[in-house]
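Beneath this line is the structure, given in structure tokens, with notes to follow.
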Amino acid sequence: VPILKRLYGIPGLDDAISQVAITFCQLVFYDDPRMWWQSAVFLTDYAGVTAILMLESLRNANRGTFFQTFAVPLFIAQFVTFGNTAPLYFYFFYVNSPLKKYSTASARLIDGAGVLAILPTMLVVFFIPHLISLFHPDLETRHLANWIWQVYPVWGSILLFTLSSVIRLFLDDKTEAVKRRDMTGIRVVGGLMITLSAMAYWYTLLFSPLSVSEAFIPKYFIELPQDTSTSLLSIFQYDYILSFTSILLWLAYHLGDLKSAGICQLSWARILLSSVVIGCLGGPGVLVWAGWLTREE
């Protein structure tokens, strides 16, 4: 299979993507089945994280701030891993988002047109190219689709803006109708992402030749892996752990602020016990969405 080295005509970008795309060749060409099974959960859960960042970018309180864009942190993460960018991103997100920032209903409101545009955007820019890169019978087409997928944050930003601008023309702007519609739309997005993450998680647990520890827990802490495939598996595992730990801590601090303000009545014991049960039954992707929806409710 010829390895693609140029596609977008931007030397720096093409050079960077070519290196990442070569790394993904072991997944795309099914050279290492372990990586394929691992990615079934990892990439589905990252789709859920992308949807959450899209929703946060559509919140009125985040307008005019760095957090209005979801494309920048996700685009950078394509080259240096989300596990490296997530801790800093969510730390600054929390520090710059005190509870008083969301004190009014208007500030908390998420653009309804954008909410309705999220699922079609994710389908076009994330799922379709990624599924082609995994299942198309022609390996060269898989490789090309992976190149296209690598820039999905940029495509997603453009398409989300375009679709939401069109949808907004047809929406009712009455306040109560807006609130009900937006919350329903958010629940639909969350429900679908939870379903996809849970399905990928259980599919991997039931049918993967890998044990849970082999798929999710890195074995190498000090020693270096002896082969390239194991090195990549370990990098993806650390990336996954750092990413979702950062997101869960971000949500935990927000829930702590809500508890301190008397808004959240859930005890920490109930929160922790529920988190363990949800995490074991559905995986980290489901847990993150359950935590985010709990905060929104």
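Here the Cβ of each residue, glycine as well, is placed from N, Cα and C on the backbone.
Heads up, TrEMBL stuff is auto-annotated, nobody curated it.
The structure displayed is predicted, hence computed values, not measured ones.
Pulled from TrEMBL, these are the features on record:
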TRANSMEM  36-55  transmembrane segment
TRANSMEM  75-97  transmembrane segment
TRANSMEM  109-132  transmembrane segment
TRANSMEM  152-171  transmembrane segment
TRANSMEM  183-203  transmembrane segment
TRANSMEM  235-256  transmembrane segment
TRANSMEM  268-292  transmembrane segment
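Sequence-remote contacts of a segment are chain residues at least 6 beyond its ends whose Cβ falls under 8 Å from one of its Cβ atoms, and for the transmembrane segment (183-203) they are 40-41, 44-45, 47-48, 51, 55, 110, 112, 115-116, 118-119, 281-283, 285-286, 289-290, 292-293, 296.
Relative to the transmembrane segment (75-97), the listed stretch 235-256 leads the set 109-132, 235-256, 268-292 in CB pairs under 8 A. Across 36-55, 109-132, 235-256, the stretch most heavily in contact with the transmembrane segment (268-292), judged by Cβ pairs under 8 Å, is 235-256.
Cβ atoms under 8 Å from those of the transmembrane segment (152-171) belong to residues 50, 54, 58, 69-72, 74-75, 78, 111-114, 116-118, 120-122, 124-126, 129, 178, 181 of the same chain, restricted to positions at least 6 beyond its ends.
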